[in-house]
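A.B. asks: Here it is, the structure, as structure tokens.
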Amino acid sequence: MVSSASWQQCQSLSKMSVRIVALSCIASLLLSVSPAVNALHIRGTWDSSRFYLFLAKFGIQKTVLESMAATRGYVYGNVTLAGQRQASSGRQRAPVTLVVVDSEYFQDLYTNSSRQPHNDESCRRMFNKIDRLAWHPQCRQQGKEDFLRSVPCPTGRLCPEEDEPSRVIPGWQLTYAIQDTKQPRYWYLSLVACSLNPDNCQWEATHTGSSSLTLAYNLWLVNGAPSQRHVNKLEHQFSFDEHDILEIYGVFLMLYAALAGAVHAKLLRRQEPFTWGVAAQCWLEVAGAFLCCVHLAKFAGDGVGASGLWAAGELLRRWADAVFILLLILAARLGLQGRPDPLGTGILLASFLTVSAGFYLWSLAEVSQVEDVGVFDTVPSCLLLALRFPLVCWFLAELPGRPGRDFGRIDVLQFAAGFLLWLVALPILVLVSETQVSALWRQKCVLSVSYGTNFVAASAFIYALFTSQQHDGAKYDYLMTAEESPEHRSRLRDGPAASGNGSAGIAAEEDKLN
């Protein structure tokens with residue numbers, strides 16, 4: 001029995017856990033509301049006194065010659081002066097430059113953008129490598145790559161470089177059509193307060209001081225021509241590295257929903273502590289996958305999505321992992337039929353959730369598309385993965401267990417080996433993917449493999465619970481049947497000696513059953 005004091009402590013821990021959940025979700029929503037860099041329909045304003053603005057990074061798929069328009073990448077939209085000041089003359093020299101380049105040329109551009117002072121020499125350093133290939137109507141007519149646009153564009157008219165109006169997406173001022181028949185590739189979109197002077201063909205810093213301009217931009221980055229978005233609606237808005245992500249989340253949403261339903265149908269009848277724990281883990285996975293699916297489905301339609309839902313969904317998935325790790329440690333110590341101490345378990349659960357949420361929110365703050373730093377590349381994520389190894393040691397230390405620990409028909413060594421493999425799978429997967437897998441394939445690789453291993457581990461744990469409870473239930477039914485048999489009743493009537501022999505007989509039968 002749990003004392004009233006312990007029960008009050010459990011209630012306070014429950015309230016604290018609820019607060020942790022609420023605060024963590026709110027924090028993830030706030031941290032995920034970042035500038036348009038996270039969206040591939042980007043809108044906003046920019047003051048040229050800031051000299052440089054990174055807008056977006058987007059993976060363009062490999063171009064298939066047989067379906068060129070449907071497999072090219074496109075960057076299109078409008079860039080105009082914000083407010084009342086509008087450019088009216090198409091012959092007016094534009095003050096800044098919109099740049100779209102791949103990773104080979106982006107590094108020089110970005111690295112030199114941070115060097116002070118921001119002057120003509122800065123612009124020349126930034127565009128030194130780009131000038132080798134970039135086309136310009138007056139100065140670089142032999143250039144092979146269409147990297148540059150002079151902006152702002154005249155209101156209601158095309159940008160100066162758009163000399164073939166038929167290639168511009170109708171209703172917009174500029175269009176880049178990007179094709180690469182060899183491989184998918186990342187492309188980077190930036191605004192720079194530099195302009196190529198057509199008189200001397202030299203780069204100059206423009207409007208970086210008191211004469212700065214404020215530009216309004218509305219740009220789309222897509223895979224496939226907008227007129228053919230119906231060919232693959234689930235990939236049109238997405239960067240190549242995010243292709244098939246929605247399908248992966250959708251598949252595991254259905255699998256975990258089925259698994260959670262099976263838990264409720266088969267296991268909750270017995271009201272075992274581990275049953276409630278694994279049910280909570282399954283529903284956390286369901287909720288996390290659902291929130292991610294909502295974000296991705298919205299993103300497929302508008303190119304923006306709901307990044308707050310994405311962050312909250314990923315946080316719930318990490319909490320599901322934390323709950324499952326705690327269940328494994330408790331099962332190793334107490335067996336699958338054990339009853340953990342409510343107070344101690346509550347403290348451990350609150351600690352696991354807090355640490356997991358803290359490291360995840362910290363990693364969100366360190367993610368950088370410019371420097372190609374993903375969630376698993378950050379210091380907090382590395383620390384969280386490293387924490388798995390002390391947890392592995394804890395799991396192994398608990399395996400000797402306590403007297404009376406019951407795993408039913410499950411072999412303890414098989415139980416330990418299987419879940420030990422799951423505990424170390426994620427760190428190994430991240431290490432291999434970071435060192436051997438291209439960034440264009442890394443996200444879908446890590447997501448699908450980690451989701452698959454998590455689902456298999458959860459299914460195996462539920463099977464072990466179901467098997468042990470079946471064994472326990474069969475033993476209970478056998479003993480009750482034996483006690484109600486006529487032979488047992490006659491022994492009870494014959495006296496204490498006979499009753500003792502009967503009890504010994506039941507104990508012997510119980511030993512046989514075990």
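Cβ atoms are placed via backbone N, Cα and C, with glycine included.
The model shown is predicted, which means the values in this text are computed figures rather than measured ones.
Annotation comment: TrEMBL describes 495-507 as compositional bias 'Low complexity'. Per TrEMBL, domain 'GPR180/TMEM145 transmembrane' is recorded for 271-459. Residues or ranges marked as region 'Disordered' by TrEMBL: 487-514. The transmembrane segment annotation in TrEMBL covers 248-267, 274-297, 317-336, 343-363, 412-433, 445-466.
Help me picture where these features are in the structure shown.
C.D. replies: Counting same-chain residues at least six beyond the ends of the transmembrane segment (317-336), those with a Cβ under 8 angstroms from any Cβ of the stretch are 274, 277-278, 280-282, 284-285, 288-289, 345, 348-349, 352-353, 355-357, 360, 388, 391, 394-395, 398-399, 401-402, 404-408, 410, 415-416, 419, 423, 454, 457-458, 461, 464-465, 468-469.
With a threshold of 8 Å between CB atoms, the same-chain residues lying at least 6 positions outside the transmembrane segment (412-433) that come near it are 325, 328, 331-332, 376, 385-386, 388-389, 391-392, 395-396, 399, 401, 442, 445-446, 449-450, 453-454, 456-457, 460-461, 464.
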A.B. asks: Can you name the far-off residues of the same chain, 6+ from the ends of the transmembrane segment (248-267), with a Cβ under 8 Å from a Cβ of it?
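C.D. replies: Same-chain residues near the transmembrane segment (248-267) but 6 or more away: 275, 278-279, 282-283, 285-286, 289-290, 292-293, 296, 444, 447-448, 451, 455, 458-459, 462, 465-466, 469.
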